[in-house]
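Enquirer: The structure is given below, and queries will be raised subsequently.
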Amino acid sequence: MPKVEIYKSILLEKIGKNLTNYELESIIETAKAEICEIDIVNDKIKIEFNDTNRPDLWSSAGLARHIKTYLSGNVPSFDFFSMTDNLQKFYGEIFVSPEVFGIRPFIFGFLAKGMICDERMLESLIQLQEKLSHNYGQKRKRIAMGMYSSNLIHFPINYVTCSSDYKFVPLGMDIEMSIKEINERHPKGIEYSSIFENVDQYSLLLDYKNNVLSYPPIINSRDIGTLKVGDTNLFIEVTGTDLEATLLSLSIVACDLYDMGFKILPVKTVFPRETLFGKEIICPYYFQNSLKINVDSVNKLLGSNFTANDMCLDLKKLGISAYFEESDTFYIMPPVYRNDFLHEVDVIEEVMIGKGLDNFKSELPKDFTIGKLSPIEEFSRSVRNLMIGMGFQEMIYNYLGSKVDFIEKMNIKGSELLSVSNPMTESYEYIRGSIIPDLLKSESISSNFPYPHKIFEIGKVALKDLVSDEGTVTYDNLAFLMADKEFSFNEINSLVSSLFYYLNIGFKVKESSKNLYIDGRGADILVNDIVLGCFGEVSPYILNNFGIMVPCCVLEININGLLN
């Protein structure tokens with residue numbers, strides 16, 4: 001969970017009230033956080049957040065805003081945000097090239113002027129940058145933030161691609177380095193360059209005079225990308241692969257700088273094609289949708305008897321604009337710096353926090369039940385223990401993936417796979433129908449580790465099913481991969497026999513026609529004359545698609561069928 005370190009004096013100054021340590025500890029609980037340590041000597045407080053959905057709280061400005069709003073009940077306003085029907089004047093432009101749109105598509109920015117950066121302010125900004133990029137940004141893969149002195153930048157800015165031979169002087173270095181050299185030798189390149197695996201073009205941020213701002217999300221340039229104490233005019237940009245996450249991150253930083261005393265000047269981003277919010281977006285941009293909440297639903301879940309007016313007042317203590325037109329419903333508008341309202345229940349939780357947990361009496365459950373594992377979970381655990389006992393290491397993968405990994409590299413038509421409508425990124429456009437592509441992808445990036453490699457996963461897969469009412473069917477599958485130059489069909493056949501022996505299940509095999517396997521070295525697994533899975537040596541063609549140079553054997557089997 002995210003941990004931040006902030007100056008206590010700055011926090012209290014922004015709150016506008018001298019709270020005792022006890023009062024501070026109590027009110028910080030409303031942010032789903034707790035104080036780990038109070039360092040009186042260095043004037044610092046260490047806070048751990050128990051929720052990753054509130055990145056707006058990971059700074060002294062954001063936390064102070066939350067506490068101040070909770071105490072006053074006044075919803076903060078930010079008049080520099082654009083909306084669909086109310087676009088702000090912009091003071092700079094960013095042009096996105098079609099080439100970079102397919103690599104790391106989204107970038108937004110704004111200008112901040114009017115304050116002098118002191119040491120503590122700069123430290124707070126750098127910490128926010130790191131927390132947003134690392135925690136919320138999934139180690140810069142989802143989003144990453146860059147900060148610059150705008151005095152050195154000539155607008156408009158161009159967000160383009162470059163080859164691995166392109167050179168500039170990166171931050172922390174005194175000599176020019178190519179993109180390839182940065183990826184291999186610069187500390188940030190070594191840490192984050194895996195974001196750009198299997199690409200031959202890289203993202204680059206240039207100003208109008210072709211000065212390099214940064215190689216996002218890896219490293220800024222030394223000449224323009226150095227922010228220091230005494231700077232007054234800032235340019236902030238956020239790049240990412242998720243449109244809403246990128247917009248939200250920029251909004252959070254804009255609100256923080258505004259609360260620090262900066263004047264926020266919007267910047268327009270122009271994309272090569274339409275996005276969910278248009279081809280041109282002036283940022284900071286308010287994109288969140290309102291929610292309609294039923295009063296009875298709130299009271300039923302909380303065991304309360306609150307009116308719509310009561311609920312609206314409680315929500316305003318958390319910075320949420322709320323109003324009602326009828327006594328049985330009300331509407332909320334999420335704050336510009338939040339996007340964690342996915343369901344009515346999320347709003348009900350906020351009502352409870354706004355009312356105060358101490359105002360709800362605890363009750364013992366009226367019904368007594370005993371929980372237990374489902375049969376499929378018990379069986380899965382048995383299979384998992386057997387795999388670990390046979391020397392395999394368990395993996396856990398996402399259920400979503402790309403067309404490239406699930407279809408093209410596997411050399412299948414993919415007609416049975418389920419696709420996601422309007423995916424935000426090509427990396428998550430299909431629901432997996434097999435675990436094997438994930439195992440092969442892991443093997444493709446593991447060539448530097450000693451062989452043999454033996455990995456497995458027990459997880460869900462989904463396929464189209466025209467017979468069922470939903471049109472889909474979900475299975476629990478076991479899949480494993482063995483990689484070594486000595487492995488062959490005999491080794492995996494022996495392992496399959498051992499697995500079924502310990503499960504006390506009889507099985508038969510017949511030659512498989514799947515193009516996943518080398519001809520004559522793949523087999524279907526039949527239990528009670530029903531095909532439940534397959535195993536064999538992976539075809540060199542498919543191994544080459546994944547960039548794997550070592551022979552691999554794989555198995556995948558439906559464990560629902562084994563249990564039945």
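A Cβ is built for glycine as well, from the same backbone N, Cα and C atoms used for every other residue.
Worth saying up front: this structure is predicted, and the values here are computed from it rather than measured.
Okay, so Swiss-Prot annotates it like this:
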DOMAIN    286-362  domain 'B5'
BINDING   D340, D346, E349, E350  Mg(2+) binding site
Enquirer: Quick check: with D340, D346, E349, E350 left out, which same-chain residues have Cβ atoms within 8 Å of the centroid of the Mg(2+) site Cβ atoms?
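Expert: Same chain, not in D340, D346, E349, E350, Cβ within 8 Å: F341, V345, V347, I348.
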Enquirer: Restricting attention to the domain 'B5' (286-362), give the mean pLDDT.
Expert: 91
Enquirer: Count the Cβ atoms, other than its own, that fall within 10 Å of the Cβ of D346 (Mg(2+) binding site), considering every protein chain shown.
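Expert: Around D346 (Mg(2+) binding site), other Cβ atoms within 10 Å: 15.
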Enquirer: If H, G and I count as helix, E and B as strand, and all else as coil, what does DSSP give for D340 (Mg(2+) binding site)?
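Expert: Note: D340 (Mg(2+) binding site) is coil by DSSP, not helix or strand.
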Enquirer: Output, ordered by sequence, the same-chain residues six or more apart from E349 (Mg(2+) binding site) with a CB under 8 Å from its CB, or 'none'.
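Expert: Long-range Cβ contacts: none.
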Enquirer: So if I measure Cβ to Cβ from E350 (Mg(2+) binding site) and keep only same-chain residues at least 6 apart in sequence, which ones fall under 8 Å?
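Expert: For E350 (Mg(2+) binding site), the qualifying residues are D314, L315, L318, I320.
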Enquirer: Taking the Cβ of D340 (Mg(2+) binding site) as centre, how many other Cβ atoms lie within 10 Å?
Expert: 16
